[in-house]
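Visitor: Handing you a structure now.
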Ligand SMILES: Nc1ncnc2c1ncn2[C@@H]1O[C@H](COP(=O)(O)OP(=O)(O)OP(=O)(O)O)[C@@H](O)[C@H]1O
Ligand SMILES: [Mg+2]
């Protein structure tokens, strides 16, 4: 393709947006509505996911070692834990370190535990992390059966419930987003189909004067691209403003310690990029699909 | 040159539109195709620019067998054949200049060449003064001139017209036919399906009459041969 031709395609596709006035508006609006919904869902989903990952990464198994175990037996236990599949990391924490941690975590009241520094009642601990947080429960169950294990602690019950809830939330979100995208594609391909139906004469004439299918397709392809990008502008602006304000208010007024929002930058840039890409994708898909049946010889 | 050998065409609905056509049209000829409505004239013409494929038989156009031509090569064929229709087939949102230039943009001519050629043909059809007008601002005859200008702007060897005067009053029709004769004088083959008795009888060109998908008459300086102008 020559540069002149490419310029022509770009020019034609932009002119055509203007010529098809309200159709352009309708198609871009379809993209806008969809991306607005998809964008909100993505913003919620990514934050939930971020929260979930944080929680998941904080989940660890604390293996309390029998007080009677000597250092050789402790080593043997460590090796056996490490041999369990999907164990990512095993860290040793002596009972003195455990006490310090306890005192620290108690804050002001912690000082009363200082009394125990002379005669520490705690056990030494192996802190175990799973390669995939979901395996935590399984690994913990296996460790329980090993010799010289006094007790295994991983937030029994709570962890299982949390993982189940996160799984449901993710799946529901995914289904909703897929559903939305399909609705949008359907809407757009229909709108563009109407535009093209009105333009079948133009396609017919192009073919009469010897245009190749590729040549005919280009302006439609570009037009779909513009429609998608145009439709993405408003959702990106709206979401950015809303997210910026929500983030500011949350950080300054609410701010719960266990839940943090993804910071505006880079998250909003990534989300904007994603929305632009999705907009372009459905725009192009819609127009290419609808022009296809007019190109049969 | 156009040559058809034993061409049959049956449409998917079972209608036999062409029933064994053998014909030879030499370069530079001016040919009228006549016959009653539904006889197969349009189908005969559509074969020449591969709008329809023959069910059997061979069609040679400029040395290429259209019966065997791949779909992807059809655009190349069309660049060497001009086509004109009763309904002009102009793009309403493009002006006269743009409508003609369209045929050259499609084949990726450079803007300089496009300008030169478009102005040349618009001069030939006598519409140089209306290049900025839109189709709805033109008379039927003027619109058909634009359409003819578009069909010849590529300098094709063949121009095919299906009832180009069908929508025009007699006087305007004469103007269009004179234009086709002018184009024919430059060596371009003209094949024109028509119901216009007066023009066929007055100009005395080769006449091919088709009835029920067969050529029933082929005369060098023929007459229209049917009673009413619209059969
Ligand atoms: N696309 C098609 N599908 C099915 N049948 C068709 C198609 N085009 C034409 N026909 C049929 O083929 C026959 C020949 O049609 P054609 O259009 O070639 O006639 P014609 O001589 O051009 O008529 P007219 O003078 O009215 O234009 C007719 O019976 C018509 O109904
Ligand atoms: Mg016809």
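Along the chain as shown, residues are numbered 1 onward.
Using N, Cα and C of the backbone, Cβ positions are placed for all residues, glycine too.
I grabbed these lines from TrEMBL:
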- A:59-152: domain 'FtsX extracellular' (DOMAIN)
- A:175-284: domain 'ABC3 transporter permease C-terminal' (DOMAIN)
- A:21-46: transmembrane segment (TRANSMEM)
- A:172-192: transmembrane segment (TRANSMEM)
- A:225-247: transmembrane segment (TRANSMEM)
- A:267-288: transmembrane segment (TRANSMEM)
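Describe the structural context of each listed feature in the structure shown, including burial, neighbouring residues and relevant distances.
Guide: Secondary structure by DSSP for the domain 'FtsX extracellular' (A:59-152): 48 helix, 22 strand, 24 coil.
Counting only same-chain residues 6+ beyond the ends of the transmembrane segment (A:21-46), those with a CB under 8 A from a CB of the stretch are 170, 173-174, 176-177, 180-181, 183-184, 187-188, 191-192, 194-195, 198, 227-228, 230-232, 234-236, 238-239, 243, 262, 267, 271, 274-275, 278-279, 282-283, 286.
Long-range contacts of the transmembrane segment (A:225-247) within its own chain (CB-CB distance under 8 A, at least 6 residues past either end) are made by residues 13-14, 17, 24, 27-32, 34-36, 38-40, 43, 188, 192, 261, 263-264, 267-268, 271-272, 275-276, 278-284, 286-287.
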Visitor: Taking helix as H, G and I and strand as E and B in DSSP, count the residues of the domain 'ABC3 transporter permease C-terminal' (A:175-284) in helix, strand and coil.
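Guide: DSSP composition of the domain 'ABC3 transporter permease C-terminal' (A:175-284): 96 helix, 0 strand, 14 coil.
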